[in-house]
Amino acid sequence: MSERLLYVALDLNEQGKNLSLAEQLAEVGGQFGYKINADHYSLWGLPYVQELQRHRRPIFVDLKLNNGPRTMTRILAPLAETGVNHSNVWALAERLITPTVEALRQIEGSQLKVLGVTVTSRFDEEYCQRHFGRSLDATVKHFTEVALDVGCDGVILPGTCLSAIRDIETVKLVSGVRPLGLVGDSAQQREVITPQEAIANGANILVCGSPIYKSANPVVALETILSQMAVN
């Protein structure tokens, strides 16, 4: 699992601003793509996805689904048909995921990888104890095992919990990445980590947004993060 990829979260409130940011970053070298949040996909739909695909970069549509198989399949199938690379479902959906991923794999030409969300970086130890009766690390490990058992292609977890699943071989995506020397919105993220720490602890895919789009020079910010990912 040595492949490394960075998704730039296009989290600005206006479609035009996100498209301009993607255009600005498109010529930067290195392995990166664009993440589309659920609200933006709901508002702007597949045309927005296709506009970003002009840059020939990987696309991650961050939906975090938890519904019945028919509903999840109908939502994800257009992404598979359009050539989107990653989307996600809550591992908590458990057995409802299996028929969904099986149906998606029948779509000709699909390269969509479905990742199971364990716990997001917005939640912490106290949250996991209150709702799951487990530590944060134990909750992440439990839902990693669930996600892989029902057919997910990898998992999403807080970067600070990577050591909890160090021995599990799978794709590991972490958000809450805060690079050294760059400022972003840390208040919304309870569990944050640097790119170097994430890669050293086994992450394959990183997500970073505000340290890039809030930078005075987003191109330099992106190049900085990519260089920090390459250190290990």
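Cβ atoms are placed via backbone N, Cα and C, with glycine included.
As the structure is a computational prediction, the values presented were derived from the model and not from experiment.
Here TrEMBL flags 5-225 as domain 'Orotidine 5'-phosphate decarboxylase'.
Residues or ranges marked as substrate binding site in TrEMBL: Asp11, Lys35, Ser121, Arg178, Gln189, Gly209. Other Cβ atoms within 10 Å of the Cβ of Gly209 (substrate binding site) number 19 in total over all chains.
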For the domain 'Orotidine 5'-phosphate decarboxylase' (5-225), report the average pLDDT of the model, please.
95
I need the most crowded of these binding-site residues: Lys35, Arg178. Count other C-beta atoms within 10 angstroms of each C-beta and give me the top one.
Lys35
Return the count of C-beta atoms lying within 10 angstroms of the C-beta of Ser121 (substrate binding site), excluding that atom itself.
22
